[in-house]
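Since the structure comes first, as structure tokens, the remarks are kept for the end.
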Amino acid sequence: MSIILGIDPGSRVTGYGVIRQNGRHLQYLGSGCIRTSEKDLPGRLKQIYAGVTEIITQFQPDAFAIEQVFMAKNADSALKLGQARGAAIVSAVNHDLPVYEYAARLIKQAVVGTGGADKAQVQHMVQHMLKLPAKPQADAADALGVAICHANTNKTLIALAGQATSAKRGRYR
């Protein structure tokens with residue numbers, strides 16, 4: 001059983017989602033958005049760091065999963081996104097959490113079944129998969145999608161490790 005914190009980074013709005021994975025079962029623990037109010041980027045990064053630190057303290061996750069930077073058309077936006085990711089990652093590292101990064105297409109594939117899914121499809125499937133009474137906010141749904149992607153990846157790795165162990169045992173008998 002593990003608790004996974006998923007992060008959808010942004011310099012103005014950073015989504016977060018927390019789930020508990022118990023084998024194949026996923027349980028929703030919480031989600032929301034860290035909304036920055038500072039005008040300057042360093043102030044916003046400080047708010048992201050503080051917000052992620054507060055979430056880590058509250059939920060005590062075992063793993064930290066974050067969306068990778070995509071190549072935006074605007075280089076300035078991509079740099080700011082990278083800095084927002086950095087602020088969140090530093091908080092995780094300061095709490096000795098393992099950090100996992102996933103591409104947006106892989107996250108959408110894990111949640112919706114296609115890497116080209118839009119935000120509404122991700123929201124719908126996150127609501128369905130976690131049995132939520134209402135659709136989560138878009139940024140929170142994306143963050144929950146990151147956590148779900150990590151849980152699915154983690155399950156696959158555990159299954160593969162089990163197969164490798166079984167195969168190894170078979171060879172030595």
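Glycine too: its Cβ is placed from the backbone N, Cα and C atoms.
If you look up Swiss-Prot, you'll see ASP8 (among others) marked as active site. Long-range C-beta contacts of ASP8 (active site), restricted to its own chain and to partners at least six residues apart, with a cutoff below 8 Å, comprise THR14, GLY15, TYR16, GLY17, GLU67, ASP139, ALA140, ASP142, ALA143, GLY145, VAL146.
Sequence annotations record features per position, and here Swiss-Prot assigns Mg(2+) 1 binding site to ASP8, ASP139.
Residues or ranges marked as active site by Swiss-Prot: GLU67 (among others). The Cβ of GLU67 (active site) has 24 other Cβ atoms within 10 Å, all protein chains considered. Reduced to three states, the DSSP call for GLU67 (active site) is strand.
The feature Mg(2+) 2 binding site is assigned by Swiss-Prot to GLU67, with sequence analysis given as support.
In this view, ASP139 (Mg(2+) 1 binding site) is surrounded by 24 other Cβ atoms within 10 Å of its Cβ, with every protein chain counted. Residues annotated as active site in Swiss-Prot: ASP139 (among others).
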